[in-house]
Amino acid sequence: MASPMKSDFLAGSHMKLPKIGIAAAVAVVASIVIYLALSSFFVGTDEFKNDENQSIKEYPDNTRFMRFTHGKQLSKAGEDLAGSEPYLVRNGKSKELVIFAPEHLQEFHRKDANSHYKPENMNMGDYAGQLLGQCVGQLGGTKWKLARSHMDPEFSYRASRSMMKRFSQEIDSWVSHLSENPTRRSTQKDVFVQDVKKRCKDLSLRSIAISIYGETFSEENYAFLSTMNELHEKIIFVAFLNKRVMSKWYNKLPTAEKRLMDSFQTQWKAFNLAQIKLAREKKLSCPAEKIYVGVEAGDMSLPEFLQSLDEMLFTNIDITGSILALIFQHLAKDQAMQKKLRAEISAHRAQPGYTVGDYISKQNTLLHFSLLESIRVTPAMYFTLPECNASPKRIGGFHIPAHTPTIVDVNRLNKNESIWGTEADAFRPERFFGLDPARYRFGFVRWGIGRDKCLGKNMAEVILKLAILAVTDKYTLHVPPALPGQGEKSEAGFTINRDVEVEFRPAI
């Protein structure tokens, strides 16, 4: 029997329905609501079949945390489970497709790449979404185009070239202090061992901050951003490893996690608005201030602006720092390659009209290929963040429905033997000589794929190459004796947490 409130509502709307009709209508509406709710969280596995009606394999455990803490083990487990076929993993309540072969990636991006989109909050829940859910890397459609129209000019190839002098000054200063506070000392004079991941992270923070804040950047800013980076790392740890913060209702409660997020967002907003004000009052060149014009024009929201700068700075600090540290480690392990690189650098410097800008801009040098090879062999992340296809696909023989969140096993893709040969695990930069980039277009994830390539790609390449030149000018790199317990660490973060120690000896 309908309640008085329901009867009053129906009477007020002048509708006359039989009681059984009301019940049926309510049941239909409830069914639709339940269906929509479930379909927004689950991908139906019935659709994931091949032509023989065999279902795609599914990894049994929730991978929400382990893809960040045990990525290498998950990659191997996925290969053991499905072999050369794509497979499904669970990320909380969502299911995601894992692809890892060039043909998988090519089909995933075929025809509808420009219509791909990112799942809400990266499929990581409300807390992660509060931090980065509205950054430019997570936007799509018109919002993405408008945001990129304001951001791209400030991080273009041309803009990165204009920052070279400032980057060089910062890098030279960093190299001059590299011997301070070593992790280990040597009995040999001026020889020391350094935790290069930590030191390279410091350089990344300074350099990327300069690319964002330009002439407003100061030592005071550096100290503040260092503190903010520590706060950001705590938030990332909570977002990745705390199930409770996936709920937006939990995040409304006065918890320690909420206080952490509120503190970061309040300080981050105040800092950036202060930099914009300073740039305008003092007439200083500041890329962040130029991007902020997009907020004033209504093309970007303030959260989109702030989260995009967060993505550019705090996320990329870890990635850029890891890439640089691993290049030094690879060169330390391969003395022959290190000598060849030094010889190339000397040969280019001896050429008439040589400029460092022209050299680091070349895409066919051992310097450039050493950078690519290091990223290929030791990627900063084992798995990408999810991205959804707009139309149905046929990947690895399986029928993949539209709107399937998909992640890439970067380590397996970057070492696919069909492109890189049987020695795909080896650090061999010379393999790129004579290799048409079109050959590995879908077989190598470095700065992202398609239109969503890293916004800071141009700046990162300049910083990384200038740092390699500066370090190899002053030092030769060597492998120190290993200490017990060194290796990859099972800790949460955007990048793989590795011990990266290098021994530095004065260059002769």
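Cβ atoms are placed via backbone N, Cα and C, with glycine included.
When you go through N389, N416 in Swiss-Prot, the residue listed as N-linked glycosylation site is N416. Rounded to a whole number, the distance between the Cα atoms of N53 (N-linked glycosylation site) and N416 (N-linked glycosylation site) is 28 Å. Listed glycosylation sites: N53, N416; maximum Cβ neighbour count within 10 Å falls on N416.
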